[in-house]
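Trainee: The feature transmembrane segment is assigned by Swiss-Prot to 6-26, 63-83, 132-152, 175-195, 250-270, 283-303, 327-347, 354-374, 379-399, 418-438, 483-503, 524-544.
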Amino acid sequence: MFANALMLLGLLILLLLILAPLLGSLLSRLIDGEPYRAMARTENTLWRLCGVTPHEMDWRHYLLAILAFNLLGIVLLFALLMAQGLLPLNPQGFPGLRWDLALNTAVSFVTNTNWQAYSGESSLSYLSQMAGLGVQNFLSAASGIAVLFALIRAFARHADPSLGNAWVDLWRITLYVLLPLSLLLSLLFVSQGVIQNVSGYVSVTSLEGGSQLLPMGPVASQEAIKLLGTNGGGFFGANSAHPFENPTALSNLLQMVAIFLLPTALCFAFGRSVGDSRQGHALLWTMSLIFIVAAGCVMYAELQGNPHLMALGTDSNGNMEGKENRFGILASALYAVVTTAASCGAVNAMHDSFTALGGMVPMWLMQIGEVVFGGAGSGLYGMLLFVLLTVFIAGLMIGRTPEYLGKKITVFEVKMTALAILIPPALVLTGSAIALLCDAGRSAIHNPGAHGFSEVLYAFSSAANNNGSAFGGLSVNTPFYNLLLALVMLIGRFGVIIPVMAIAGALALKKRQPAGNGTLASHGALFVSLLIGTILLVGALTFIPALALGPVAEQLQNTRAHIQP
């Protein structure tokens, strides 16, 4: 088993190291604003038609453009979901969603969370899936990457308040990166058996002689961007555990590579754009080390099996509950770590059925801010927040003004960094407390005790950090959870983007100073160790009490010599 786990993990990392530098080169050109000559005329025509002046913006105008763009997306998607019963491409005749569910879904997909309180095959028309959710899968990913582009330019430029043009960045990210990759990946998925059609559902006769209705739909096209954009919202309720979304071991590997591809490539792009590739490598090392340890922990926990069955003298050969036989324990455990490390939220197994420790690690990866690879764009700007915090702490220890990439880190940047880092944990803990204090929140818990607490904690960890995966034992399709989680998703997304853009605006005005003898090198093993320590320290101090009440308590209960009544 150890050899199989090592081979699976090694193959994933190898494919990423082959593909990501190539994509990183393309992304660095977009960050540097280098136009593609073949598309220059088309772009200029588009700007004129849309009334866009492609001049560079300062951080306030850039931020307002991103916020307005996403607000418009919420309004349009909400209207589409409410009116889907009156619109075409609805062969099953699904009615419009209830208003609170429509709002929750609109906020979820615009914020790149893709939290789903519904089952797609029984709730949404093809038009809603394609023109609504599919479009936002592209645009929400592009928004996160655009914010990162602005922050990288702030580090790379010298005393220049401009950070690029938001509309140009959104267009180029979507057209030059997301669309081509999605087209290629969707064709690979179709070759593996992922369906792509707009036919009505098919009634078939099962082996037992009964009738079964098979859902259809344009799955492959949505599956590709769901993964590449670290969105995670499945076409079907079972997500990537469904054989029409993820039919083979090869498609499963492709999905994991697709989830990590953009976050990895952005690390290479960051190094190229700031003029020192070692900076990107250091961040990639930091992410990779935490990821490898987390993957090993989950694989080990799931291979140990269910303690209840072991107490009965039953050899369970590992914990296969909630997992697909075509993937097995190792691939399911690795997928769980990939999807929660990368803020994707897609699942090929039910996380609620993992062992207590096997479920705790994915939850903790979300709670530390989705910075271990993280979402498209959001993962790297989240990691850069921890870099600034690490530089500040190191500066205090050696008595020097902190600086990073030649730019002084002053009180304003530290305050904004602290604000951005603290908002998601505050949302997780406050939201969980409100849910547990209210009858409407407690009534959705069907598993009392430590596991029920874990389900609530996982839900708010997922929403606040824009992941979207869930412990399925919590009934969240209620007005209480739909509205509260929608608010948490909004603040968790834009409550971080706003201070990140403020930091970018402040850094852009500063000159880059050459490194001196006392400058802390931010690309070596020492800095990587300091950065990992800062991430672990912040995560541990914030969530150890809550985790002790949930998965840790559950693990202690499960490992007792007898089964609890």
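The backbone N, Cα and C atoms fix where each Cβ goes, glycine too.
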Trainee: For the transmembrane segment (524-544) and the transmembrane segment (354-374), decide whether they are in contact, meaning at least 3 CB pairs lie under 8 A, counting pairs 6 or more apart in sequence.
Mentor: yes
Trainee: Below 8 angstroms Cβ to Cβ, which residues of this chain, lying six or more residues outside the transmembrane segment (175-195), approach it?
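Mentor: Sequence-remote neighbours of the transmembrane segment (175-195) are 23, 26-27, 30, 36, 39, 138, 141-142, 145, 216-217, 219-221, 223-225, 227-229, 243-248, 250-251, 254, 258, 261-262.
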Trainee: When only pairs 6 or more apart in sequence are counted, do the transmembrane segment (250-270) and the transmembrane segment (483-503) reach 3 or more Cβ pairs under 8 Å?
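Mentor: Between the transmembrane segment (483-503) and the transmembrane segment (250-270), which are separate recorded stretches, there is no contact, as judged by 3 or more close Cβ pairs.
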Trainee: Are the transmembrane segment (6-26) and the transmembrane segment (379-399) close enough to be called in contact, which here means at least 3 C-beta pairs under 8 A that are separated by 6 or more residues?
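Mentor: Result for the transmembrane segment (6-26) with the transmembrane segment (379-399) is no.
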Trainee: Counting only residues 6 or more past its boundaries, what in the same chain has a CB within less than 8 Å of a CB in the transmembrane segment (283-303)?
Mentor: 1, 5, 9, 13, 263-264, 267-268, 270, 318-319, 329-330, 332-334, 336-338, 341, 354-355, 357-358, 361-362, 364-365, 371-374, 379-380, 383-384, 387, 528, 531-532, 535
Trainee: Need a quick answer: max count of Cβ pairs under 8 Å to the transmembrane segment (418-438), which of 327-347, 379-399, 483-503 is it?
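Mentor: If we count Cβ pairs closer than 8 Å to the transmembrane segment (418-438), 483-503 scores highest.
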